[in-house]
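Look at Swiss-Prot and you will find Cys31 tagged as active site, proton acceptor. Per Swiss-Prot, the feature active site, charge relay system maps to His70, Glu140; the stated evidence is similarity to another entry. According to Swiss-Prot, the feature Zn(2+) binding site maps to His21, His35, His37, an assignment based on similarity to another entry.
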Amino acid sequence: MTMRYIIKRKIYWTKEFDSSHFLELEYESKCKRIHGHTYKVEVEIEGELNEEGMIFDFTHLSEIVKELDHRLIVSKEWVKEVGDLVIIEKNRKILKVPRDEVVIIDKPNVTAEYLAEWFGERIAENAGSNIKKIKVRIWEDPRSYAEVTFTLEPQGS
C-alpha cells in the first residue's frame, strides 16, 4: 500500500530589540510616560518553498527589527515632521526628536497589539504568493505578549 502525504512547512524566527514608547490612555498610568522595553519578537511563517528553496528570507525579518532597535516608536497620529525633526504632541508633552531616532507607525497607539500588527504588515509587504500564514508575537517582558495571525489569500490574477 502506498501512502500519500502532505507536507506543511513553517519557519520560525526570534530576536530581541530595545525600543521606547509611550501610550495614549483614557486613565492614569505610568505607561503614559516615555519608557522602554527589551522586546522579543517571534515570527512563524507558513507556506510553500519559493524558487530559492525558502519560505521567506530571514534577512527581511532582521531588517524590520533593525529599523525598530534603539528608537522611539510613536503613532502617526501624534507627529508632525518638520525638516529633520519629528515633533510629537501627546499626553501634555511636546517633544522634538531627530527623525532618524523615531519610527512612526500608522496605528492609533503603540501597544504591543498594534506593534505586532505593524510587524506582520511589514512582513506581508515582502511576502510572495507562496506564503499562507504569518504569526507575530511581541513580548514586552517575560510575562506578557500580544499575538496576531495573518492568513494571506491570493487576490485575482
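Cβ coordinates are placed from backbone N, Cα and C, and glycine is handled just like the others.
Straight-line distance linking the Cα atoms of His37 (Zn(2+) binding site) and Glu140 (active site, charge relay system), rounded to a whole number, equals 6 Å. Comparing the residue listed as 'active site, proton acceptor' with His70 (active site, charge relay system), their Cα atoms are 18 Å apart once rounded. Under a cutoff of 8 A between CB atoms, and with a sequence separation of 6+ in the same chain, the neighbours of His35 (Zn(2+) binding site) are Ser20, His21, Phe22. Put simply, Glu140 (active site, charge relay system) is 14 Å from His70 (active site, charge relay system) when counted between their Cα atoms. Secondary structure at His70 (active site, charge relay system), taken from DSSP and collapsed to helix, strand or coil, is coil. Around His37 (Zn(2+) binding site), a 10 Å sphere centred on its CB holds 18 further CB atoms from the protein chains shown.
Cβ neighbour counts within 10 Å, taken over all protein chains shown, single out His21 as the most crowded of the recorded positions His21, His70. In the three-state DSSP reading, Cys31 (active site, proton acceptor) counts as helix. Under the three-state DSSP scheme, His37 (Zn(2+) binding site) falls in the strand class. Contacts of Glu140 (active site, charge relay system) defined by a Cβ separation under 8 A and a same-chain sequence distance of 6+ are given as His37, Tyr39, Ala112, Ala146, in order along the sequence.
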